[in-house]
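Swiss-Prot has this to say about the protein:
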type: TOPO_DOM; residues: 1-80; note: topological domain 'Cytoplasmic'
type: TRANSMEM; residues: 81-101; note: transmembrane segment
type: TOPO_DOM; residues: 102-113; note: topological domain 'Extracellular'
type: TRANSMEM; residues: 114-134; note: transmembrane segment
type: TOPO_DOM; residues: 135-293; note: topological domain 'Cytoplasmic'
type: TRANSMEM; residues: 294-314; note: transmembrane segment
type: TOPO_DOM; residues: 315-323; note: topological domain 'Extracellular'
type: TRANSMEM; residues: 324-341; note: transmembrane segment
type: BINDING; residues: Glu337, Asp650, Asp654, Asn718, Asn743, Asp747; note: Mg(2+) binding site
type: TOPO_DOM; residues: 342-704; note: topological domain 'Cytoplasmic'
type: ACT_SITE; residues: Asp379; note: active site, 4-aspartylphosphate intermediate
type: TRANSMEM; residues: 705-724; note: transmembrane segment
type: TOPO_DOM; residues: 725-733; note: topological domain 'Extracellular'
type: TRANSMEM; residues: 734-753; note: transmembrane segment
type: TOPO_DOM; residues: 754-775; note: topological domain 'Cytoplasmic'
type: TRANSMEM; residues: 776-799; note: transmembrane segment
type: TOPO_DOM; residues: 800-808; note: topological domain 'Extracellular'
type: TRANSMEM; residues: 809-827; note: transmembrane segment
type: TOPO_DOM; residues: 828-840; note: topological domain 'Cytoplasmic'
type: TRANSMEM; residues: 841-860; note: transmembrane segment
type: TOPO_DOM; residues: 861-875; note: topological domain 'Extracellular'
type: TRANSMEM; residues: 876-895; note: transmembrane segment
type: TOPO_DOM; residues: 896-908; note: topological domain 'Cytoplasmic'
Amino acid sequence: MTDMNIENRKLNRPASENDKQHKKVFPIEAEAFHSPEETLARLNSHRQGLTIEEASERLKVYGRNEVAHEQVPPALIQLLQAFNNPFIYVLMALAGVSFITDYWLPLRRGEETDLTGVLIILTMVSLSGLLRFWQEFRTNRAAQALKKMVRTTATVLRRGPGNIGAVQEEIPIEELVPGDVVFLAAGDLVPADVRLLASRDLFISQSILSGESLPVEKYDVMADVAGKDSEQLPDKDKSLLDLGNICLMGTNVTSGRAQAVVVATGSRTWFGSLAKSIVGTRTQTAFDRGVNSVSWLLIRFMLIMVPVVLLINGFSKGDWVEASLFALAVAVGLTPEMLPMIVSSNLAKGAIAMSRRKVIVKRLNAIQNFGAMDVLCTDKTGTLTQDNIFLEHHLDVSGVKSSRVLMLAWLNSSSQSGARNVMDRAILRFGEGRIAPSTKARFIKRDELPFDFVRRRVSVLVEDAQHGDRCLICKGAVEEMMMVATHLREGDRVVALTETRRELLLAKTEDYNAQGFRVLLIATRKLDGSGNNPTLSVEDETELTIEGMLTFLDPPKESAGKAIAALRDNGVAVKVLTGDNPVVTARICLEVGIDTHDILTGTQVEAMSDAELASEVEKRAVFARLTPLQKTRILQALQKNGHTVGFLGDGINDAPALRDADVGISVDSAADIAKESSDIILLEKDLMVLEEGVIKGRETFGNIIKYLNMTASSNFGNVFSVLVASAFIPFLPMLAIHLLIQNLMYDISQLSLPWDKMDKEFLRKPRKWDAKNIGRFMLWIGPTSSIFDITTFALMWYVFAANNVEAQALFQSGWFIEGLLSQTLVVHMLRTQKIPFIQSRATLPVLLTTGLIMAIGIYIPFSPLGAMVGLEPLPLSYFPWLVATLLSYCLVAQGMKRFYIKRFGQWF
């Protein structure tokens, strides 16, 4: 540590110190404006690297070269989280009250104690929490197993004492420290934020950061073949990505090689800072907000109804202890304690179904958010497009397809000795099978001038083996090629490049640009054939004859257009949020069927207030030249407008948006930070799986909402029945233990709901949580069952003479069976808006589970358990009345269902 100067400490102060400052300054940014020697001095390093001792000491100071990432909590924490639910808290409180009233107080008075109620409530708690834990634990474990464990290394220089004996070593990138000198070559990931010391034909792909599909050239100094001053420094107004003498962590080398010094590692890099900012507490998704609102609606309802039941029974019966126990049982009955388990089971089932389509669901609630999603925002490069440049046209200056232009382009690309860029590779792929073998053998490469950032051209000198003619073939950007051209070829004639012809050619290239194509010009010049060792210089790139043009495109994925159309048919609007330029973006969007009217750019977004942006995001479908924060701002504007928003992206620059979306979707080839920030990962490029995810999400939501509507309406009906019975009957219509057993059995019957199916009509549009709808459903549908509960009361009171305290067991047994059977039958009545069993049948698991529970319910009064809890066998004459009551209930419920749909326009 003693050998590290003060400047170095300032440069690489821990990220926590930088965070305290108002403006985020990255160490690498400052080094772009210093010479290589100044940077080495500030880092107290050397062109031959660090010694082993120096590297070891700095590793202790700065820590490992790792960025923040999420960790799956230990199993114990997951177990505790499974019980972290308001309904569980309510049940635990009720279990505590039951323990005091049924066990502790009687024990103190020397009376008989009873823990049955406590055990039943704790069974419900355990069943709900443990099943939820098991489902989520299995899903987390599967997601972790699918993460690739790749150990990446970097090549560094390690010098001996006295700056001698430097050797190259391969070390894990986690062990890199500021001051290390690293080597970069084609195919390498840039392992840290680095300042270039030396480079040759170095091209870096920054698409993962910027969304721009074309690589950019990087260089150690501004001196190059164009003759720039080596001390000239970059423009300070440039963005971090535009600085040519630095490379950022997470980008990759597409061609060339370089030597660079590490300036920042870990969380002090640009990439690390972004990773740190997105790891932590996630914003609440639409799913979370919906579950919370529904949960508190039901809890508020319970808090209102339970005191009413207590007061009515207490005053009418005079036994406040018994009334308290009964009110306690009613509270348990009103608590949908299986909601967390039903939710988890439904989500896990959806995740398993999606995994068969090679889709990994990392966060279970993303399944439901998928179904609720009504806006999908997507990046362009690598998601809608193939992230692979293709040659589309090879044309002469008149815009006519030309085999000569293709041949010249192929000779230029195939004759380059360095690593070829994406456009050269596209030309070579296109030329396979189109360039005759005789052509390949006929021309011999003699020399080349590599591409560089200033000239923006690449030239090769080839010799015709048949005639000995030598020809310079130059390929490059339109403006730079126009600067060195004096002629162009029109058919078989070579004519002067007049101002008129120049304008016509520029108009053609601009027209292709407007269609989203990248355009290069190809030109030639005949050179003197004398000399055995011909060489090229920049001076030779003059008086060129333009032969034609090449157009390139990163085409959309085959499934993109179909997927977007399918999403639109299912009520999901698609918006494109990209860092790429508007022209290229518009072309791709048109091809896949997205409206490109009035594209909004990042500059325009930045100038808007939140209110203005909230209005504009509803009108526009395409947003270009966006920064990561601008993408997030657009997402948040859509969410504030009430939309459930998904985001599909694969780059580092997409990570914040992926994290803030209600459902973040990425692909397997995405950056690690993008995959970590996402909720769902597509393992294959077929985007049609998005439609399947939407349908599966709606099916999952439907089965969850079934449970809530059934439970809420059924419980409300029961409470209404209890209030009526309590007001007119001199004894409790059902004991607390009866209600607890009934509720437990009903809960068990609900366990099969995740395996039920939804009607096709339900799946046609996005579905969202709405506590008001559930409350309305409860108030309208719940009392329907009360009609037949009251009918049963009258039946037991008048027909079977269970109208006094001595006959209360018979009365309670009759309502126990009718209540359980009607509550279980309601599963089939309410699961569909159609006629149950005829137009829409439940799945086999639901039929078996509900049938079994109904059979057990009928048997209980005849069993030893029934005798233990105060029930008694019913006469056979009761059952024809029961069948008639249940059939009447089905008919009335179906009629009420039709009225409700006509009145409110929907069922769920």
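Backbone N, Cα and C define each Cβ position, glycine as well.
Among the listed recorded positions, namely Asp379, Asp650, Asp654, Asp747, the Cβ with the most fellow Cβ atoms inside 10 Å is that of Asp654. In the three-state DSSP scheme, Asn743 (Mg(2+) binding site) falls into the helix class. Stretch with the most C-beta contacts under 8 angstroms to the transmembrane segment (705-724), considering only 114-134, 294-314, 776-799, 809-827, 876-895: 776-799. Spatially, the transmembrane segment (809-827) is adjacent to the transmembrane segment (734-753); three or more Cβ-Cβ distances between them are under 8 Å for residues at least 6 apart in sequence.
A distance of 8 Å separates the Cα atom of Asp650 (Mg(2+) binding site) from that of Asp379 (active site, 4-aspartylphosphate intermediate). Distance from the CA of the residue listed as 'active site, 4-aspartylphosphate intermediate' to the CA of Asn718 (Mg(2+) binding site) is 51 Å.
Under 8 Å from some Cβ of the topological domain 'Extracellular' (102-113) lie the Cβ atoms of residues 325, all in the same chain and six or more residues away from its ends. The transmembrane segment (114-134) and the transmembrane segment (81-101) are in contact, since at least 3 Cβ pairs between them lie under 8 Å (pairs 6 or more apart in sequence). Touching of the transmembrane segment (734-753) and the transmembrane segment (876-895) is ruled out by the presence of fewer than three CB pairs under 8 A, sequence neighbours closer than 6 excluded.
Nonlocal intrachain contacts for the topological domain 'Extracellular' (861-875), taken as residues 6+ away from its ends with a CB within less than 8 angstroms of a stretch CB, comprise 116, 735, 737-738, 741, 800, 809-810, 812-814, 816-817. The residue listed as 'active site, 4-aspartylphosphate intermediate' has Asp654 as its nearest neighbour among the binding-site residues Asp654, Asn743, Asp747, going by CA to CA distance. For the topological domain 'Cytoplasmic' (828-840), the residues of the chain that approach it from at least six positions outside its boundaries are 706, 709-710, 713, 756, 759, 761-762, 781, 846, 850, 890, 893-894, 897, 901, 907-908, judged by C-beta separation under 8 angstroms. For the recorded site, Asn718 (Mg(2+) binding site), the DSSP three-state label reads helix.
Following the DSSP three-state reduction, the secondary structure of the residue listed as 'active site, 4-aspartylphosphate intermediate' is coil. Among the recorded stretches 81-101, 324-341, 876-895, the one sharing the largest number of Cβ pairs closer than 8 Å with the transmembrane segment (294-314) is 324-341.
When Cβ atoms from all protein chains are considered, those within 10 Å of Asn743 (Mg(2+) binding site) total 26, not counting its own.
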